[in-house]
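**Q** After the structure tokens below, expect a handful of questions from me.
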Amino acid sequence: MKLKSLLLRYYPPGIMLEYEKHGELKTKSIDLLDLGPSTDVSALVEEIQKAEPLLTASRTEQVKLLIQRLQEKLGQNSNHTFYLFKVLKAHILPLTNVALNKSGSCFITGSYDRTCKLWDTASGEELNTLEGHRNVVYAIAFNNPYGDKIATGSFDKTCKLWSVETGKCYHTFRGHTAEIVCLSFNPQSTLVATGSMDTTAKLWDIQNGEEVYTLRGHSAEIISLSFNTSGDRIITGSFDHTVVVWDADTGRKVNILIGHCAEISSASFNWDCSLILTGSMDKTCKLWDATNGKCVATLTGHDDEILDSCFDYTGKLIATASADGTARIFSAATRKCIAKLEGHEGEISKISFNPQGNHLLTGSSDKTARIWDAQTGQCLQVLEGHTDEIFSCAFNYKGNIVITGSKDNTCRIWR
């Protein structure tokens with residue numbers, strides 16, 4: 001084995017190793033999820049080198065420098081104030097979703113007008129209109145981190161795959177018998193998964209456009225799905241109150257997570273794939289062991305339905321958003337609530353951490369989005385100006401751009 005190069009991954013912090021084995025180029029990652037501003041870098045490098053034979057003594061200084069660069073990134077954007085940069089009247093009919101590519105250089109909007117539009121974030125210019133669906137375009141995604149393809153899922157029961165560069169449709173995936181309401185690319189960008197009101201999810205091959213597997217087992221609509229970091233597992237959350245873990249390589253059921261007593265609203269893995277977080281209309285979130293499917297904790301405290309939930313990039317913090325108008329931050333280790341985010345005057349339907357993990361973004365029916373301190377729960381900023389409910393909001397990878405989508409048919413870029 002011969003080490004060819006070292007690459008940085010900023011969020012979550014890590015070093016990627018490119019090496020040659022039997023003439024083949026391979027990559028592996030060293031996750032540095034516990035890296036903090038006060039970490040002793042020399043001691044950490046020593047520890048890493050003990051565990052990783054590819055990092056010989058001749059690489060010590062290089063690895064030190066890389067980790068110092070990661071350390072510097074950790075505190076960036078902590079005092080960033082967002083200003084309204086552009087208001088885009090994106091579509092004639094209502095918007096359904098917004099999504100950013102990894103760098104934040106462009107984003108997409110889905111709409112009831114049956115199209116998906118691609119936008120340049122810096123100028124607010126429309127780059128392309130993806131036309132071809134025969135009904136509402138509801139679920140949309142980039143194949144991040146690559147960002148050269150877009151998937152759109154529609155009420156016309158099909159999913160389409162598009163080129164970002166040309167706007168050309170590569171494939172139309174047909175097979176669902178009801179509306180497609182969620183979709184996701186696997187991390188390797190070889191598969192796209194679609195979830196439907198027909199109670200099934202399907203995996204599709206991006207290269208040849210063929211269906212790979214149908215995931216059957218739910219008895220009601222699938223409204224949430226996501227892959228784990230390594231791409232070998234996929235979870236589907238359903239209105240049947242359960243979440244199913246599937247083997248993405250075989251299409252087989254691995255575990256059924258039973259315990260919620262109402263519809264599932266969100267389901268996601270933490271970064272190291274050890275835990276699954278589920279949110280439900282039963283006012284609770286649950287944490288599950290991703291290997292055996294056992295429930296390890298129930299996160300309580302909200303007075304109404306949980307509408308969204310997420311881990312931060314390192315998996316140390318959990319955020320929950322509720323119809324009770326509050327959000328909460330929990331420690332994944334202790335499962336205790338460490339902050340309650342109060343200030344919205346309507347239900348919170350979207351919540352996400354910035355990649356640095358120090359800020360949270362919430363979108364609400366009170367027509368505002370808010371930025372919060374993820375440690376203290378203090379509201380740092382209110383993003384005002386929309387004239388109707390905000391249903392979608394997102395940070396870019398650097399954490400210095402926010403996009404908000406509203407029922408007022410506009411998208412706002414904040415930077």
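Placement of Cβ uses the backbone N, Cα and C atoms for every residue, glycine included.
Residues or ranges marked as repeat 'WD 1' by Swiss-Prot: 90-129. Under the heading repeat 'WD 2', Swiss-Prot lists 132-174. The repeat 'WD 3' annotation in Swiss-Prot covers 175-214. Annotation source Swiss-Prot lists repeat 'WD 4' at 217-256. Swiss-Prot lists 259-298 with the feature repeat 'WD 5'. According to Swiss-Prot, the repeat 'WD 6' annotation covers 301-340. Per Swiss-Prot, the feature repeat 'WD 7' maps to 343-384. The annotation repeat 'WD 8' is assigned in Swiss-Prot to 386-415.
Explain the structural surroundings of these features, please.
**A** Cβ atoms under 8 Å from those of the repeat 'WD 1' (90-129) belong to residues 135-142, 144-145, 147, 150, 152, 154, 156, 162, 164, 167, 391-398, 400-401, 403-407, 409-411, 413 of the same chain, restricted to positions at least 6 beyond its ends.
Applying DSSP to the repeat 'WD 2' (132-174) sorts its residues as follows: 0 helix, 22 strand, 21 coil.
Per-residue confidence over the repeat 'WD 3' (175-214) averages 99 (mean pLDDT, predicted model).
With a threshold of 8 Å between CB atoms, the same-chain residues lying at least 6 positions outside the repeat 'WD 5' (259-298) that come near it are 12, 31, 33, 220, 223-230, 233, 235-239, 241-243, 245, 304-311, 313-315, 318, 320, 322, 330, 332, 335.
Within its own chain, the repeat 'WD 6' (301-340) has Cβ neighbours under 8 Å at 11-13, 33-34, 262, 265-266, 268-272, 274-275, 277-285, 287, 346-353, 355-357, 360, 362, 364, 366, 372, 374-377, counting only residues six or more beyond its boundaries.
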**Q** Who are the chain neighbours of the repeat 'WD 8' (386-415) in space, where the CB to CB distance is under 8 Å and they lie at least 6 residues beyond its ends?
**A** 10-11, 76-77, 80, 82-95, 97-100, 102-104, 107, 109, 119, 121, 124, 346, 349-350, 352-356, 359, 361-365, 367-369, 371
**Q** Do any residues, 6 or more residues outside the repeat 'WD 2' (132-174), come within under 8 Å Cβ-to-Cβ of it, and if so which ones?
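**A** Long-range Cβ neighbours of the repeat 'WD 2' (132-174): 96-103, 106, 108-112, 114-116, 118, 180-185, 189, 192, 194, 196, 198, 202, 204, 206, 209, 211.
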**Q** Within the repeat 'WD 6' (301-340), how many residues are helix, strand or coil going by DSSP?
**A** 0 helix, 21 strand, 19 coil
**Q** For the repeat 'WD 4' (217-256), how many residues does DSSP put in helix, in strand and in coil?
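**A** Counting residues per DSSP class in the repeat 'WD 4' (217-256), I get 0 helix, 21 strand, 19 coil.
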**Q** Across the repeat 'WD 8' (386-415), what are the DSSP residue counts per state (helix, strand, coil)?
**A** 0 helix, 16 strand, 14 coil
